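Single-structure report; data block below.
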Amino acid sequence: MEDSMDMDMSPLRPQNYLFGCELKADRDYHFKVDNDENEHQLSLRTVSLGAGAKDELHVVEAEAMNYEGSPIKVTLATLKMSVQPTVSLGGFEITPPVVLRLKCGSGPVHISGQHLVAVEEDAESEEEEEEEVKLLSISGKRSAPGSGSKVPQKKVKLAADEDEDDDDDDDDDDDEDDDDDDFDEEVEEKAPVKKSVRDTPAKNAQKSNQNGKDSKPSTPRSKGQESFKKQEKTPKTPRGPSSVEDIKAKMQASIEKGGSLPKVEAKFINYVKNCFRMTDQEAIQDLWQWRKSL
């Protein structure tokens with residue numbers, strides 16, 4: 001049940017608001033919300049006596065609906081200024097509507113907590129994501145026809161670079177030969193032979209190193225571009241609302257795992273809208289009739 005709920009509640013974005021009220025002997029507090037599609041929770045944190053409260057017994061009571069949809073009253077805290085002026089509830093969550101009252105004592109009593117609202121994501125953000133997916137798919141289609149011509153261009157460029165490197169090597173060799181001719185006039189005839197033997201492996205090593213450096217990067221570049229194009233051609237598709245049969249199957253699976261479904265029609269309708277994003281009233285009524293038959 002928890003896994004299915006996490007999966008279905010993913011489009012909802014929680015928001016937290018501060019909550020606080022003051023209770024007196026003749027003043028109750030009613031917490032109500034508009035009948036919208038968002039889920040609301042009242043999380044109570046602390047109950048404490050206010051300044052000027054008498055040293056007498058104060059009993060704080062909450063009235064809300066139980067799982068069966070019937071009203072129920074629960075004692076939240078019992079306070080006394082000289083014994084226990086404050087109580088921490090540690091996140092006591094109640095689904096509205098809720099009535100908070102001071103059953104015993106004159107007050108004042110302060111209650112603080114949080115108002116939790118599960119808000120659906122804006123439709124504008126979803127439309128922007130769809131537009132980005134469309135742009136990626138269009139750019140992928142446009143770049144596909146010209147992809148085959150990039151490799152020969154790289155090969156031609158590589159060959160041109162090798163020719164330029166060879167020309168540079170020849171120029172360097174000519175300069176070295178000119179210097180050697182000037183030096184040969186002062187030494188014996190055996191010296192040029194030794195120098196030519198020493199220069200030959202160095203020239204070959206330079207050419208082999210240059211050829212090795214120029215020829216290696218061509219392969220990984222083409223593979224990276226092809227993998228990026230494959231990612232552009234497979235955009236994500238947004239998930240739409242589930243069908244009635246799929247929703248029934250998910251509910252039945254959650255019941256078999258030990259979960260339960262709301263028994264009150266209003267809560268069941270709100271549960272279907274939020275969890276499965278179902279807006280068809282006929283389909284919702286069909287699901288409610290199916291729920292009552294279980």
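Cβ coordinates are placed from backbone N, Cα and C, and glycine is handled just like the others.
Under the heading compositional bias 'Acidic residues', Swiss-Prot lists 121-132 (among others).
According to Swiss-Prot, the compositional bias 'Acidic residues' annotation covers 161-188 (among others).
Per Swiss-Prot, SUMO2 cross-link is recorded for Lys32 (among others), and the stated evidence type is similarity to another entry. The local packing around Lys32 (SUMO2 cross-link), expressed as other Cβ atoms within 10 Å of its Cβ over all shown chains, amounts to 10.
Positions annotated as SUMO1 cross-link by Swiss-Prot: Lys32 (among others). Reduced to three states, the DSSP call for Lys32 (SUMO2 cross-link) is coil.
The SUMO2 cross-link feature in Swiss-Prot is assigned to Lys141 (among others); the stated evidence is similarity to another entry.
Sequence annotations record features per position, and here Swiss-Prot assigns SUMO2 cross-link to Lys150 (among others) based on similarity to another entry.
Annotation comment: Swiss-Prot describes Lys216 (among others) as SUMO2 cross-link, evidence class similarity to another entry.
Per Swiss-Prot, SUMO cross-link is recorded for Lys230 (among others).
Per Swiss-Prot, SUMO1 cross-link is recorded for Lys248 (among others), and the stated evidence type is similarity to another entry. There are 15 other Cβ atoms within 10 Å of the Cβ belonging to Lys248 (SUMO1 cross-link).
Look at Swiss-Prot and you will find Lys248 (among others) tagged as SUMO2 cross-link, backed by similarity to another entry. Reduced to three states, the DSSP call for Lys248 (SUMO1 cross-link) is helix.
For Lys257 (among others), the entry in Swiss-Prot reads SUMO1 cross-link, with the evidence type similarity to another entry. In the shown protein chains, 11 other C-beta atoms lie within 10 A of the C-beta of Lys257 (SUMO1 cross-link). Annotation note: Lys257 (SUMO1 cross-link) sits in a coil segment as assigned by DSSP.
According to Swiss-Prot, the feature SUMO2 cross-link maps to Lys257 (among others), an assignment based on similarity to another entry.
Around Lys267 (SUMO1 cross-link), the C-beta neighbours below 8 angstroms that are at least 6 residues distant in the chain are Gly69. Mapped onto three states, the DSSP output places Lys267 (SUMO1 cross-link) in helix. According to Swiss-Prot, the SUMO1 cross-link annotation covers Lys267 (among others), on the basis of similarity to another entry.
Swiss-Prot lists Lys267 (among others) with the feature SUMO2 cross-link.
Among the features that Swiss-Prot reports, N-acetylmethionine is placed at Met1, with the record citing similarity to another entry.
Taken from Swiss-Prot, the feature N6-acetyllysine applies to Lys32 (among others).
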Go through Thr95, Thr279, the listed modified residues, and name the one with the sparsest Cβ surroundings, counting other Cβ atoms within 10 Å. Thr279
Round to the nearest Å and give the CA-to-CA distance linking Lys273 (N6-acetyllysine) with Lys248 (SUMO1 cross-link). 14
Given the recorded positions Lys32, Thr75, Thr95, Lys257, state which is nearest to Lys248 (SUMO1 cross-link) when distance is taken between Cα atoms. Lys257
Restricting to the same chain and to sequence separations of six or more, state which residues have a Cβ under 8 Å from that of Thr75 (phosphothreonine). Val59, Val60, Glu61, Ala62, Lys103
Could you round the CA separation between Lys250 (N6-acetyllysine) and Lys257 (SUMO1 cross-link) to a whole angstrom and send it over? 11
